[in-house]
Amino acid sequence: MGTSGIIFLTTHLCSPSNSVSFPSPWPWPLLPQLRASTRALPLSRIRSSVSSSTTTELTPDKLPTIDSSVTGGAYDFAKATTSLTNELISSPKKVTLLRHGLSTWNAESRIQGSSDLSVLTEVGEEQAERCKKALENIYFDQCFASPISRAKQTAEIVWQGREKPLVYLDSLREIPLYHLEGMTNGETASAQLENSDKAVDAKRIYPKEYTIWREDPANFIMNGRYPARDLWITARDCWKEMLLSPGESFLVVTHKSILRALICTALGLEPER
């Protein structure tokens with residue numbers, strides 16, 4: 001639903017296997033479904049539910065050499081072989097990633113970061129309700145969520161009526177942006193912000209920091225930290241915590257930047273991507 005609404009991405013992550021057989025006929029147009037012939041575990045891979053306008057036909061002779069460290073199946077990426085857990089997981093995991101609904105600071109074009117002052121708008125609540133309805137017939141073993149208000153509210157609405165409690169992970173918190181948080185986002189802010197002390201354009205007050213954050217986030221530094229690089233470390237830790245949890249189907253409710261980090265680390269991509 002755009003840059004400030006709810007988005008979905010579903011990935012399937014599986015444990016590696018040293019022995020692979022190729023089914024016939026080939027069942028997947030983009031990525032092969034590989035079955036382990038000896039341990040009854042699928043080859044470690046990532047399948048995305050997001051459709052693509054281009055189709056790449058993969059055949060067994062085109063696949064890279066597979067070993068037990070492989071966890072990524074996105075063969076278009078040279079580095080998509082980084083283990084997310086460094087150990088076997090007990091079963092395939094289906095992970096559905098969900099961003100929070102429209103928040104007050106989304107609507108006001110403010111930089112949110114890890115601030116807990118931004119909450120869902122009425123539109124955001126309606127988005128979460130529609131999301132709940134869309135997911136009502138899908139079983140999830142667990143729901144992991146960020147404890148920050150806008151994501152927490154979204155998760156509470158989407159998960160309402162399910163038996164198991166929500167699991168809040170600090171590793172799903174949004175990236176901290178320190179003194180940029182609360183400032184306007186270099187865009188036209190809402191009319192009600194015109195007389196606000198916080199109606200300050202971050203691009204105008206901190207032009208260097210803002211430009212680096214927008215154009216080269218991997219090298220963005222603030223308060224002696226590299227927030228994007230730290231976020232990649234957090235994302236790897238978060239994957240390990242989730243994938244080693246019991247269950248096979250997980251819902252994850254969090255924020256835009258940590259979602260990007262989760263997807264990129266699953267594909268073996270560094271912060272520069």
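Cβ coordinates are placed from backbone N, Cα and C, and glycine is handled just like the others.
Database features, via TrEMBL:
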- R99, H100, G101, L102, S103, T104, W105, N106, R150: substrate binding site (BINDING)
Given the substrate binding site residues R99, H100, G101, L102, S103, T104, W105, N106, R150 in the record, what is the largest Cα to Cα distance, rounded to whole Å? 15
Fewest neighbouring Cβ atoms within 10 Å among the binding-site residues R99, R150 goes to R99
